[in-house]
Amino acid sequence: MTVILGQMFTGVSIGAVLLLIALGLSLTFGQMNVINMAHGEFIMAGAYTTYVLQKSIAGAGISLIVALPVAFLVSGALGALLEWLLIRRLYLRPLDTLLVTWGVSLMLQQLARDIFGAPNVQTRAPDLLTGNITVIGGDDPLTFANSRLFILGLAIAAVVALSLTLRLTPLGRRIRAVVQNRDLAEVSGISTGPVDRTAFFIGSGLAGVAGVALTLVGPIGPTMGTNVIIDAFLVIVVGGIGQLKGSVIVAFVLGVLQSVLEYSTTVSVAKVLVLVAIVAFLQWRPQGLYTLRTRSLV
Amino acid sequence: MAGAAALAAVVALSACGAKTDAGGTSDKAAQADVSGDTVKVGLLNSLSGTMAISEVTVRDSLKLAIEEINASGGVLGKKIKPISEDGASDWPTFAEKAQKLIKEDRVAATFGCWTSASRKAVKPVFEKNKSLLFYPVQYEGLEESPYIFYTGATTNQQIVPALDYLKSQGRKKIYLVGSDYVFPRTANKEIKAYAKANGMTVLGEDYAPLGSTEFSTIANKVKASKADAVFNTLNGDSNVAFFKEYKSAGLTAKTMPVVSVSIAEEEVKSIGSQYLAGQLTAWNYYQTTPGAANTKFVKAYKAKYGQDKPTSDPMEAAYTSVYLWKAMVEKAKSFDPEKVKAASDGITFDAPEGKVTVDGASQHIYKTARIGKIGSDGLIKQVWDSGKPIKPDPYLKGYDWASGLS
């Protein structure tokens, strides 16, 4: 019984990681239709920010707390710069954004290699997060890892913050307007350039936050972005492009599916089965779980 | 687009084929260039790519040995001139560079390679050209080549002693965790055969893709299995994620120790000793191994490359391999590979790990097995050793339980 509960928690925690890495992408790919292959490298930038802060600020706990906003700003700034330099010229050419941002992602990887060296590095998690809490005691205890609970909390906080921003703020209304019908938004007096850039800043900043979370799970290296970017795209595509709700549901469903299959088979087999399930699902619903209904003609 | 790629691939393939043919038409032994007052040797390591983290330390260690030998007069009156090539963590590149070292540079011997894949890629090149490779890393066994000297441990000098140690500690229910490629799969086949014959139970076996960093389910499975110990053949960075998750799951070296066969001092330093303190490793050498030869080696290495650089088993095996080659050449009074091979049996050297002897028949060496415990200072302390060097047995012929393996 505790084994099942433990695996459920594992599934939810894998889902939380998936959600964090996909959340920023759901804004830039989902809402703005930009296939940003460099999103993984923004995650990497967040992770390296944590590493640098930990080296310069003593105390793993404080540096982790400081890293969250700083990584958001660093990755966000990188994203805004990329948008301003390249992407704004390519809004109507999604396939070109794929090629251009892929090039940028390779450049960022090499840059990281030059700055931090080819070998991967690690951060030290604060002592509070290396332990676990016992949910059910006894002979067969059920324990939840503190770092995983922290990541889950972070994912929930990020989703709430993003969804409130999109729903309630003037900026959010403008972003949604631009997404639903760019031309109509523009003739209504919305200056789309700054809106795009701000949206890109937020989406990339969220990648930075995901990077901070990933330092609690594994090593930090130049290629860590390429390891997670596919999962992030899967979550967005299956969830329905542009649908925050879809991303949230799909991230947790995939996480639980992955952990259940891993437990009953092996890691490699589970990965294959999850991909098969995704392919089958997309045959049935090519548009993903949720779709955006607009009055737009395109 | 696809057509162009296919065309390019065909051109590249035929180019490769042509090159190999050119190299292979002369079936006579590669002639080392020893005309001057120097003798060239090849250093073939990954200086870039994913394996660079480990292989650069091996290259550094080889250079140290060469410098020391040159300072004391060289080999047969000639100074050694190392030619360093980058295998770039890419197996075809290894084969190409091996060919270049033998044919163009006309080296007398080559030292290097790390992964089994790179060794398998260069093996035919050395065999075809009848040139010597000294390979410094522990491996999965079940291999012999007339032109390779294996100076790292084979299975019966590392994995079997590690299992003997677990058995002697009464830890009989084990769980296997490894990366999904040739070394862990072969090693685990051997471990399962050993367990069956020795009254041990293998409770589970899990492989993670190379480079995988999601280990929560594996940690849960290991925890639920209530095993006595975990045998870990994970490679590289996966160890970081695995040990972080292991600790988060509340598993410790006290409740369920992990024996690792690919974590040495360098890796402990990068994973972080807070995750590893108390866990076990199996090797033939640690930086803390006692003895004058090791004190001298550690001191020389740190003086040359930095006080914070640890020494490790593959580095020591690489360092030793240069001295073994020197002793063979001096006994043969020739750089000719055939004569060097013929002189190899019984060659000994007071290595940092202790006295090692070359077994001419298998071209492996006698090595002492050592189980170590990782300390909170990042160094590994020996808790058990085999007492004397163990005769290499790459095909495990001396063990009944291994008769079905190949």
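Backbone N, Cα and C atoms are what each Cβ position is placed from, and that goes for glycine too.
Over in TrEMBL, the protein carries these features:
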type     : residues  : note
TRANSMEM : A:6-27    : transmembrane segment
TRANSMEM : A:60-86   : transmembrane segment
TRANSMEM : A:149-168 : transmembrane segment
TRANSMEM : A:199-220 : transmembrane segment
TRANSMEM : A:232-257 : transmembrane segment
TRANSMEM : A:263-284 : transmembrane segment
### Task
Would you kindly list the residues that approach the transmembrane segment (A:60-86) from elsewhere in its chain, counting only those six or more residues past its ends and only Cβ-Cβ distances under 8 Å?
28, 36, 38, 42-43, 45-47, 49-50, 53-54, 100-101, 104, 108, 123-129, 154, 196-198, 200-209, 211-212
### Message
Please determine whether the transmembrane segment (A:149-168) and the transmembrane segment (A:232-257) are in contact (criterion: at least three Cβ-Cβ distances under 8 Å, sequence separation 6 or more).
### Response
yes
### Query
Which one, A:199-220, A:232-257, A:263-284, has the most C-beta pairs under 8 Å toward the transmembrane segment (A:6-27)?
A:232-257
### Query
Counting only pairs at least 6 apart in sequence, do the transmembrane segment (A:232-257) and the transmembrane segment (A:199-220) share 3+ Cβ pairs under 8 Å?
no
## Note on the structure
For the transmembrane segment (A:199-220), the distant same-chain contacts (Cβ-Cβ under 8 Å, at least six residues beyond its ends) come to 17, 20-21, 23-28, 31-32, 34, 36, 39-40, 42-51, 64, 67-68, 71-80, 82-83, 87, 120-123, 125, 129, 147, 150-151, 154-155, 158, 162, 165, 175, 178, 228
### Task
Residue list, the transmembrane segment (A:263-284) vs rest of chain: Cβ under 8 Å, 6 or more residues beyond ends.
7, 234, 237-238, 254, 257
